[in-house]
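Working notes for the structure below.
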Amino acid sequence: MTAGTLMPYDEALDRFEPVLGLETHVELGTKSKMFCGCKTTFGAPPNTQVCPTCLAFPGALPVANAAAIESTIRIGLALNCSIAEWCRFARKNYFYPDMPKNYQISQYDEPLCFDGYLDVEVEGKTVRIEIERVHLEEDTGKSTHVGGATGRIHGADYSIVDYNRAGIPLVEIVTKPIPGTDRLAPEVAKAYVTELREVMRSLGVSDVRMEEGSLRCDVNVSLMPRGSSEWGTRTETKNVNSLRSVERAVRSEIERQAAVLAAGGKIVQETRHFHEDTGGTTSGRSKEEAQDYRYFPEPDLVPIAPDRGWVAELKAGLPELPSVKRKRLQAEWGLSDLDMQAMHNADAIELVEATVAVGAPAADARKWWMGELARRSNETSTPLADLPITPEQIARVTELVASGALNDKLAREVLEGVMAGEGTPDEVVESRGLKIVNDEGELSAIIDQVLADNADAAEKVRSGKIAAAGALVGGVMRASKGKADAARARQLILEKLGVQE
Amino acid sequence: MSLIRKTAAELGSLIAAGEVSAVEVAEAHLDRMAEVEPKVKAFLHVDRETTIEQARAVDARLRAGERLGPLAGVPIAHKDIFTTRDMPTTAASKILEGWRPPYDATVTARLREAGLVILGKTNLDEFAMGSSTENSAYQVTHNPWDLSRVPGGSSGGSSAAVAAYEAPLSTGTDTGGSIRQPASVTGIVGMKPTYGGSSRYGLIAFASSLDTPGPFARNVLDAALLHEAFSGYDPMDSTSVDAPVPSVVEAARNPDVSGMRIGVVKEFAGEGFQPGVLARYQEAVHLLESLGAKVVEVSCPSFTTALPAYYLIAPSECSSNLARFDAMRYGLRVGDDGTRSAEEVMALTRAAGFGPEVKRRIMLGTYALSSGYYDAYYGQAQKVRTVISREFEAAYQQVDVLVSPTTPTTAFPIGERADDPMAMYLADLCTIPSNLSGNAAMSVPCGLADEDGLPVGLQIMAPVLGDDRCYRVGAAVEQALESHWGGGLLSRAPEL
């Protein structure tokens, strides 16, 4: 179970070319399961969302969920796929305790959607990822292995199974092999999953939360020597459960395979497990002793033959897809490719859009999300969208700055207060006393005190060294605890000292 | 005449008119069961209390003025392959010994809605795999005509119960002939409705694309009344047909075949058929002609390939359907002593819980679906299935119904074919094509074979959703023969 030796990435890429393949499973957010009426709520007590059908009681039968079929077709259309005129479910037979029927209802040689593509942007280049198929199947239950060191079945004292997840609709999206990514293979893999996730979100078909397993990714990697045209043996790394892990899994698998090949070894076609802690993969079951799934058409269900008119309606009703939307917003906001890419990478586009939608100028909204809030996100390892602050609150802060009630420094304090749970921006301004000093009398008094305390500097200014005024303004800001309007203070200082700029 | 000798229609009328209560009728049948069950052994589960309770509830519903169907209060024997909330359901397998389902099958629920009173659960070949009911893990059922012979199978408990007057009606399931063949060898009426015409929800699956629930009765009208009571579209079964139930009761009441075109299947005669069976069959064909039907010979050459195709398709589906019996969630669990893995417990349980015929079919099916063999076996069998369906369609262009003997021989002696699966499989030679094509088919008694004095059945096959044609022709044959015999065929059965 050791990770084995690795070859440094740059050296690996000097000697080998990678070919990628990605299989992504998306749990659909339908109200009921794929083949029965049970609820799909995440996190319910174990084995409370079950019935004779999803527990595979004798005699129980499946009935296909029409909403899941519709969602799958919409996914296929968004990924530029052809939609089957007629297709069937198939049984994939294998024994495993978390699969109640000991077969999974899936699709085999007749997927609902096929031959599509998804374009992703990597370092300013568009990479077209070809989609082999999009099909519909059911999820399994969830096994927990208790005791033992690894949390895996081997070495466990006993195992428990929660069948709440059994039968939740699952869409599998399989790419064709992706050659030609070269050094960018890890980035391409990550960009693809990121883009796919956004497409799902824009379609509203899944909450695509990788940490909850509603989007799961298997990464296939093979290497061939530079100049070769014959692809190498691939491995399949399972359950890569974050975007960062997708990138890391590809990178480490390239490094591992390169080391094996360079030492004259052979890559075994196998399933590998990704480890979040080490960033490496270890061997799982070997595909060479792989099961024969004995697929055959599911006789308990009737074929699916989507009406062409209905498919056309679904196509016409697709929302603006993320890549198209990004281009539109970039134009509207007048941003460079690089700025837009940075926002995309930070997952900030939707947040900025939402902030603009509630009245903030795009430049301001972007400034806060990509500046102060991105910093906070990095520091706390919290995704931007999960920070305890809303687009409405950001919009209010930009409004207060625009009206002159806050300056940027105070605004940052307001944001901090909001995220600390102290209330709305207005409540934080009130409770922390953060309003800019607009009272001319109060400001004038502060300036008089600062001029008296800094007689030397005041004299320099009076004698024409206007540059020295900066120190006095700084003094006013300190004395007012940052609440003075610096520009107005400077104006008044110069007035009082009888000089003009 | 005692209550147990009456038809289901007569009992329903008497109960509806208040001349006899459902409880009295149930008690008469429970008493009969107490008397003959030791000889017949048709039932796996009988619970007098539960039965009387159901009958009492029906009487109360009727007294309250509830309008129930024509079979309200009539007792029924229920094949132990349909789930029942209030009785164990085993499919005659050790792997489900003592299992109490948390839900009723659709057929069970509809029987209850119609006010039928369930007397108990009847014996069958384990998971409906067999043609003699000898494959039951619990007991061997005996043919009331000759207790040393089988009652057919897989629904042999249901056929024997009706033939022995333990129940006027019973349910069965027909995957390759499991209703028609037992009906034929016990001298009663058995109907396999159009596939999808009756719901499979709660029917423990053997072969999903073939399994069809259907009725047994001692006459055609009773079978039609039961057919109508539990058939029809069920949203819980995706393969059920969303169409009105063919008007089978009306057809059973109009036994008129004049002008009907009847096709005699050329391939189902000759070698392998018992002479006494062929004699009665040919008489029945002549009878239909004398009643005004036009009889023509029809050739369906692919029907001879139906048996091998069936023995690839049915085992393939069963190998997958029976995978769920794994000791994890219900039923038998063997070897779970804390030292074994789930995989080992599954294997030990399946080894101990399934009988030899079930294992044979699981292995056959597993092999037929294996990568590298799929095309040659399962794939090829599906092609044969398509060809057979086309031959049926072509035949129904020329004729309204097809007829054949239901089964090549009369009831065979217990034990005779138990160790010879191929001989056993031949019992379903004539019935299997209708399962592969999904069309409707009935077996109706047409006399006793000269050589052994045992019942012979006439099979009447009709197109998909042409179930009413089976009843029309069946009723005509029944009416003519009964007037000739001076009563039903069963009146000639020996006293038990």
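A Cβ is built for glycine as well, from the same backbone N, Cα and C atoms used for every other residue.
Keep in mind that what you see is a predicted model, and the values were worked out from it rather than measured.
As annotated by TrEMBL, domain 'Amidase' applies to B:24-470. The active site, charge relay system annotation in TrEMBL covers B:Lys79, B:Ser154. According to TrEMBL, the feature active site, acyl-ester intermediate maps to B:Ser178.
Everything TrEMBL records as a feature, shown here on the structure.
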residue  : record                               : Cβ within 10 Å
B:Lys79  : active site, charge relay system     : 33
B:Ser154 : active site, charge relay system     : 35
B:Ser178 : active site, acyl-ester intermediate : 37
The residue listed as 'active site, acyl-ester intermediate' - helix vs strand vs coil (DSSP): coil
Secondary structure of B:Ser154 (active site, charge relay system) (DSSP, helix/strand/coil): coil
Overall pLDDT of the domain 'Amidase' (B:24-470), taken as the mean: 97
Between B:Lys79 (active site, charge relay system) and the residue listed as 'active site, acyl-ester intermediate': CA-CA distance (Å): 11
B:Ser154 (active site, charge relay system) and B:Lys79 (active site, charge relay system), Cα-Cα, nearest whole angstrom: 10
